[in-house]
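Below: the structure, in structure tokens.
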């Protein structure tokens, strides 16, 4: 039941003393699984208790099923292909649970969701009923969903009964004739998945005995297709792969005399290239940076040498702030000296990896595998429908199906998320082939059906409109099911809990001789699954072992691995016509890591590391792409775009490919700079010309080997032993001489399978060795081998590596995987890779690679920025500070990382500087003693340079001027609110050790469905709003007071008033979006705003009067002509 070779049946185990062998390459760790079926009360019992000898040594709660039984004379292995199908079906229909000091169990589920499951890869998909008497088993299914019958008589028999029949009599229970090895009806005819045809050798001898190894395929079998190419043998008369020279009447020399070309024989072409910024733009840009830097130096020197003797305090504060602003500008601007653009060539990628050739006549892809991670934690703040659409966009991506593996991490362990993912996997049976048939973009159903443009544009098939209408109807029903899951789960759980209460009541009544129990019956309010058993994760009513921070590890293979060769659909009147459309789906796995009280689970970083380990056991894709649950594939070829860099010459030194973040649902004016285009199109593009962009949390394709904490390969220092050594597979210690084989458990944990997967992932992630300049590659064709099928022991090992104790005393989170210790684990993880010498690449595609959502509400946006800034402060006070970086980090890259850790501290100087105009107006003094020509000349030159730099930056980055201005506005808003709070929180954590906790950013849509921007006008009070309100009120009051005083002064000083007012309006102009956000919808300002504004204005007025009280009337009172104040005394009119 759990191995590839020999399996125990439910009738074969008669005693508990069965041995557990260690054979099989996929179970070297010796992981043991207990197969069981849970009762309605949630207890585990054996699969078939009536057939088991319940001896004294056997437990009544569950029956042990060992993973491996060595083949013996009375226990012969079944046919390998039948065993493989049975094993995969058992794995996909089992919910695996386990954890620290607990048994790993595989719970066979009758059904995963309430609705019917149709796709044969889907968990819960079963065949017809077994024809054996008193057996409730189901017949195995093949890739098309047809029943697998091992005998020619088509007698339907389940896997367990088939094993028993083979062991006991060897006869088919239907026709009473002996089973023949491999003679089972698959309805598909012969298996040509390896591309081999049963052809004799030219001399009639056994070709597979004497032919060279060069004529064998990747599985070690004789490759008849390659024999056809090399010997020009024929199948009948001529063959489709190598036609005779005159087969098509071509008497000339233009025929296919050479056959198809091998990819190595074609001219070498690069997969990507760098496009420099035009010199007409970048040269003036660099010159202006130099000019502004020189002018700033002269300006600051002049400011220091010319203090304002009348207001030294004002002059001192302004000079300190200006020096810091100059330093901050240098850190931000200098790394932008080398921006570049990049382009990819998808046609060359296809020619190299996907086209048929003499050595690959079936066109199997040679692209490396990739594992896609999606993380979610709370179905209330991250709606399951949003996550389900993200999963559907991943399953439909344009990449070889057998190379893809999708993993969903549910850190909340919620049944709602589990069943939503199962519904998504079921709907993918229709959605994914529909996308492939009609080349749909985007492949997120919600986004696709929301497009306002003509859906028939560029669609060639005549049945598109009919298919689209049918899929739209099915998707609407799918949304109803997803949105109805909370109520469905609640009603189901209430019904089962009521049944349990009734059963308990009857039991108590029977035990008390018919009398009613004296106390009311209390039954734990459990959460129930669709098959009538307890959910092993978090319950709606928390209980021991079933709470958010206390539940077992859960792993469910929602979609089992697909067949290696395409599986074309057919005509189905009830659904759609998928003739000549590949209907396979990628493997899809639900993972919820174990959580226990007392363990630090390290939030998202810990969840990502759990997925890294689980995926290494199950699929071990050499590349990993992680997405937030609200980010989906907007470009189905995005993975191929990234692979153009990873598989190109020099790609072995790339640790990750970062894609820009693009957002939907943002208000047209982008009031709070949610698009953040200045950063994504400016800063990130500029860093791409240095050592690479920083990692920003989502939309990033990693090299798995780099995540493991290794340095980039240095070919000159590797232990190469032969001429073709650049294509040899190495071990982990070859890359890290300090890493002893015996120390692997200390770094990666005690999983042998995980340790063995590391060199495999490294080797498969290398670029092709198809060019002399590629000194460190892999030979073409090695990745065309089908991946090994999943067995129970492998899945059980994956469950063990997601347990909460696995990382104890290892380097996970310190050197390996996502780095712990910061709320911005993404930046730290990317910094560690760059610090080890890796480089990254920024991939901007013509069609956006991914799209997601962003908070458009002011409060949510400020809290999001607060989390980012707090992480930057943590970085500054940690060993991840770029001041402590190694020499492998380039200078400009070091400055960029320094800016990441320093920019929140600018808020302290920014707040002071925003108060300076008001203080200047109220005190009657300015930051300089006189507005002379030198000061104004410096100010004018700096302003002109700033505007010119902005225009040129807009030119090479593609950012709009309005977007640039919005970014400037929100920089001041966040700098005077969230950044200041982040500095205070960071200091509290460093000095006092007070931990910082953050809540998830809500990704739910607005409640007002008629207005998608309803959240924009929602005012939610937060203390972060106080500093900007104070700044705005102080500047407005100061302008009014200064204007009144100047107007009614005998000797008005308009120059000082104009200077102070100019800077006050500069501050207020930047705060305009903030003020507009406080107004809410249709100028309905919340009462709290008026209350706070009044209190602040009164407090500031009283404070100023206390600091600078008005002068009393003196003997000069009469000189002004009457009863008023003197000419030098200010009074309101």
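Each Cβ is built from the backbone N, Cα and C atoms, and glycine gets one as well.
Per TrEMBL, these features apply:
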| type | residues | note |
| --- | --- | --- |
| REGION | 1-42 | region 'Disordered' |
| REGION | 191-210 | region 'Disordered' |
| BINDING | 375, 381, 382, 411, 603 | UDP-alpha-D-glucose binding site |
| ACT_SITE | 411 | active site |
| BINDING | 604, 628 | Mn(2+) binding site |
| ACT_SITE | 826 | active site |
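Sequence features, as recorded in TrEMBL, placed on the structure.
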{"residue": "375", "record": "UDP-alpha-D-glucose binding site", "Cβ contacts under 8 Å, 6 or more apart": "408, 409, 411, 604, 607, 608, 611, 626, 628, 629"}
{"residue": "603", "record": "UDP-alpha-D-glucose binding site", "Cβ contacts under 8 Å, 6 or more apart": "411, 823, 825"}
{"residue": "826", "record": "active site", "Cβ contacts under 8 Å, 6 or more apart": "695, 696, 697, 700, 818"}
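Least crowded of the binding-site residues (381, 604), judged by neighbouring Cβ atoms within 10 Å of its own Cβ: 381. Maximum C-alpha to C-alpha distance over the listed UDP-alpha-D-glucose-binding residues 375, 381, 382, 411, 603 is 16 Å. Here the Cβ of residue 628 (Mn(2+) binding site) has 24 other Cβ atoms within 10 Å, regardless of which shown protein chain they belong to.
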